Amino acid sequence: MEADSPASPGAPEPLAEGAGGEFYSLLRRIKGKLFTWNILKTIALGQMLSLCICGTAITSQYLAERYKVNTPMLQSFINYCLLFLIYTMMLAFRSGSDNLLVILKRKWWKYILLGLADVEANYMIVRAYQYTTLTSVQLLDCFGIPVLMALSWFILYARYRVIHFIAVAVCLLGVGTMVGADILAGREDNSGSDVLIGDILVLLGASLYAISNVCEEYIVKKLSRQEFLGMVGLFGTIISGIQLPAVCGICPVYVLPL
């Protein structure tokens, strides 16, 4: 009778080691793709941006509730003025096709529409804090995601997978649930109409933000970041400067009784 081969009891071990090796190799490949400098930098910048947006939201809500200071257009006007002083001036001193006058001659009407969308988006979002809660504004602001995806599909020719559409469906379901919850909560304290107005302002502002963001991505990738910031600073300052006295009640048209 032949003796058992020493390798026979451990026959499954090479298979196990092979499966384990493939698993660790897969983990190394995933780590190599996820933990790159570009991805880490993008995540860090995104978190910084979210922190700044959160700070703006909290301060706007605090001013509206604690001090009754409702200046949505003034807040935007200051931002556009800073962009104008920095980036629009940079374009003014450039030469060639990147000069401010050359850009205005070719695409002035496009940047007027872009500036109008960006200004009104900022105004509606900040104005919504007067009517609804900070939580509702931040959650309903996600409505811009499906709008942005739809615009990117037709304008930027972006293509998405099934998981993206599932996420959009969940997002829309959450938006509907949040609006319904706000209406029910508003009925209890007799502020249902104000809460609904705030939610509508957020949804409109998020849609305009999506338009502005798609145009921003196109301009930054095809042209330059300085051109986008400079032209938004220019027309944002003009549009918000015209609208500022109107919404503050300074304009005679708004002061005269009907």
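Cβ coordinates come from backbone N, Cα and C, glycine included.
What TrEMBL annotates here:
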| type | residues | note |
| --- | --- | --- |
| TRANSMEM | 39-64 | transmembrane segment |
| TRANSMEM | 76-96 | transmembrane segment |
| TRANSMEM | 138-158 | transmembrane segment |
| TRANSMEM | 165-184 | transmembrane segment |
| TRANSMEM | 196-216 | transmembrane segment |
| TRANSMEM | 228-255 | transmembrane segment |
What residues in the same chain, six or more past the boundaries of the transmembrane segment (165-184), come closer than 8 Å to it by Cβ-Cβ distance?
132-133, 136, 139-140, 142-143, 145-146, 149, 192, 195-196, 198-199, 203
Short question: which residues 6 or more past the ends of the transmembrane segment (138-158) have a Cβ under 8 Å from it?
54, 57, 125, 164, 167-168, 171-172, 174-175, 178-179, 199, 202-203, 205-207, 209-211, 213-214, 217-218
